[in-house]
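Here is what TrEMBL records for this protein:
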type	residues	note
COMPBIAS	790-804	compositional bias 'Polar residues'
COMPBIAS	806-815	compositional bias 'Basic and acidic residues'
COMPBIAS	851-860	compositional bias 'Polar residues'
DOMAIN	517-798	domain 'G-protein coupled receptors family 3 profile'
REGION	790-815	region 'Disordered'
REGION	834-907	region 'Disordered'
TRANSMEM	517-542	transmembrane segment
TRANSMEM	554-575	transmembrane segment
TRANSMEM	587-611	transmembrane segment
TRANSMEM	632-653	transmembrane segment
TRANSMEM	690-711	transmembrane segment
TRANSMEM	731-750	transmembrane segment
TRANSMEM	756-776	transmembrane segment
Amino acid sequence: MGRHHSIFVLVIGCAIIRPPRDGGIRYRGLTQEQVIRSVQILPVDYEIEYICRGSRIIVGPKVRKCLPDGTWTDMSQHSRCPSPRSSSSSRKKKLYIGALFPMSGGWPGGQACLPSAQMALDLVNNRSDILPDYELELIYYDSMCDPGEATKLLYDLLYTEPIKIVLMPGCSSVSTLVAEAARMWNLIVLSYGSSSPALSNRQRFPTFFRTHPSATLHNPTRVKLFQKWNWNKIATIQQTTEVFTSTLDDLEQRVKEAGIEISVRQSFLTDPAVAVKNLKRQDARIIVGLFYETEARKVFCEVFKEKLYGKKYVWFLIGWYADNWFKIKDPAINCTVENMTEAVEGHITTEIVMLNPETVRGASNLTSQEFLGALMNRLGGKNPEETGGFQEAPLAYDAVWALALALNKTVEPLKTKGRRLEDFNYNNHDITAEIYRALNTSSFEGVSGHVVFDAQGSRMAWTLIEQLQGGSYKKIGYYDMTKGNLSWYGNDKWIGSGPPADQTVVIREFRFLSQNLFISVSVFASLGILLGIVCLTFNIYNSNVRYIQNSQPYLNNMTAVGCMLALAAVFPLGIDASRLSRQFRLWLLGLGFSLAYGSMFTKIWWVHTLFTKKDEKKEKKKVSQHLEPWKLYATVGVLLAIDVLSLMIWQIVDPLLITIENFTTEAPKGDLDVLIQPQLKHCSSKKMNTWLGVVYGYKGLLLLLGIFLAYETKSISTEKINDHRAVGMAIYNVAVLCMITAPVTMILSSQQNASFAFASLAIIFSVYITLVVLFVPKIRRLITRGEWQSEQQDTLKTASSTNNNDEEKSRQLERENRELQKIIQQKEERVSELRSQLAERQALRSRRRPSGQTQNHTGPQQPPPSQAEPKQLSQPPGYSPADKLSSSIPKLSRNHCHNSRLPLLYK
């Protein structure tokens, strides 16, 4: 079995064929002697090259390749070496192109690109309008996509005859090496298969061109799609390799120029789990992924686990993956095919268009489909999917045509300078400059599309845009970067109703006051204003009534007006937070408070000033000091002026401005990809807390002082301000409500309904209590007693001008007055009686004085004074019988009161 197997291996390959007449065969890696002596079978994929002797030129296939079936390619076409006389190109001068085609290695693109380039050379050399005096010949080697091998081959190309006028490498790593060294030999480098963005560097690679677009060509297409779908914020995730890093750097610059922000930038080396989680945590929605196919499966397995797919997300991937890349079983991931299919649904891919989608005959007079047919024939029916570089074959074809057209364009300019293309050598800079200028301005239609180079020498091509729909890729558009034209089919499909938003849409909604609350409070405020008008009208109409006059009606009028102003401030408090309304409510509330509370405070202040002095001065003040009304009005004026001045300074120094308060975002009802950002308008100044502290401090001191004065004067009775007790009660209520409301409204400033309800109801309750306490008793008294505007009734009913306590004291004084009158009358009678007795005794003593001496011993003894005096009258209370007569007389005379003085005593 082993032997037979060994024999089988030896016979696999192609037998050596005979060379054409007048020609030979060049065997790669073998000498002619080795072939003749020891080699009979050449391995599969081995290539041979026909050469002709002398000046003869090969006609027909120049290179043949060993196929797996044991035959050579293009066996149906004969290769000949005709004599120079039979060749139409015998008079043409040859221009040699040194090429490196990777027939094996990481990217065996030469398998299809070499036949494609040879097709182009055959067509160019047979054209009489392109380089009619020249023939292009390709000298090529297999670089195996290895920079080390390419270095050796580059040395062979440069240091062996003939001189090469242009170098054509493939594979990015090889092209980097060749392009960086070529400038030392004044050589133009034209690559057909290099996509690295690093090659788009004119300072490092000054003579480099490529028909294969740079990997960064995807980026203009991506930016165009971002703009089409109104996305201004994207995220990226990349594998940490040079090609993807440079591509992402270019993308970052382009989106910045377009006004698009890369909000999240993640990278990974082998495990993308952490990077995907970061994308999820930072709410990435539009995500550009740059990684190879194997890493793509790892990424989307993590995407499935993190639920980073669906109608809220869009992924942008590279388009050169296999169509079924997500269905390939990969032991490196633990997701099923169904999981992967679900995760990748709807993603967008961008892919460089390497075959013109339009039926256009370009410079080669072939359409793209005709080119594919010719290439298939040249490949001998080999499966395109198994042929390396089949996708890039049109680029190699157009590279030859771009070179031929550029060389053709340089013929005339060089002729004017006395130069020819065949004069080129590695020290001739002028010819290189002309070739560079011609290539840099190239523009023609090729089988890969419109061929044009940008300032960095990179191909500017169309981009194919596809979307995965139902597990398969569908073309949804093309983008032509050169013209900025987006050809859109309109068949894009989305899981949701349309393209998702680039971020969670935050809808800003202003919080407004509840209409029902505002209407309810407004009704109470309106009724309060109506009550104020009624009280004010009543007070003005009955201002001549003595009872109303003794309550200081003008101060009460100020109280009513202040209450109405305070109630009017409720309306702008709930209408809007505009600057004008805020200032309006501030002035209304400030002036209303000053008028209403200031007038009540004035009454209490003056009552306290006049009637709470020291005992020794009290009677004097009660009798002599008269309350002057202008002093009351002046006090209210001072309080009002302080408020007006402070408000004016506030408005001038630190005016009110509209500010917006943002609250925590809220999720809406329903399955909507939005968040609600509640906002609330405030009208405040820069140092709002300072101003409020000053105002609240000043008003708070007034409220505390008002409470103290009301308490001190609660037991005082005065006719001049007969309602000061009611005023004190109103001050108690206003002070308590204000002291509670001010801090609470500051705390509730972010809750518009609670703040408005608390502040407005406090104003309404304060006003209602004040108006009811001050005016309702007066209205009731005048209605129940009929004390209207009648001076005659006021004169007849003197007692009606005082309150109930004053009437009781008046009746008591009347009773005391009557008792005092009786006592005075009794004392007057007793004085008269004593005077008569004194007169009688004096007369009796004067008669007995002469005979007094004789009768001293014989006269009868006089009775004691108590027996001789007549019976005294009953003594009044407080009368002392021990008082001497002589002292009683003056006291009685001082206490004697005439009847004309009784009214004064009554008063």
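Every residue, even glycine, has its Cβ placed from backbone N, Cα and C.
Bear in mind that TrEMBL entries carry predicted annotations, made automatically and left uncurated.
When Cβ distances are compared across the two stretches, the transmembrane segment (756-776) makes no contact with the transmembrane segment (690-711), since fewer than 3 pairs at least 6 residues apart fall below 8 angstroms. Long-range contacts of the transmembrane segment (632-653) within the same chain: residues 552, 554-555, 558, 583, 586-587, 590-591, 593-595, 598-599, 601-603, 605-606, 685, 691, 694-695, 698, 702, each at least 6 residues beyond the stretch ends and with a Cβ under 8 Å from a Cβ of the stretch. Long-range contacts of the transmembrane segment (554-575) within the same chain, counting only residues at least 6 positions beyond its ends with a Cβ under 8 Å from a Cβ of the stretch, are 513, 517-518, 521-522, 525, 528-529, 532-533, 535-536, 539-540, 581-582, 584-585, 588-589, 591-600, 602-603, 629, 632-633, 636, 723, 756, 759-760, 763-764, 766-767, 770-771, 774-775.
Residues 548, 553, 556-557, 560-561, 563-564, 567-568, 570-571, 574-575, 753, 756-757, 760-761, 763-764, 767-768, 771, 774-775, 778-779, 782, 788-789 of the same chain, all 6+ positions outside the transmembrane segment (517-542), place their C-beta atoms under 8 angstroms from a C-beta of that stretch.
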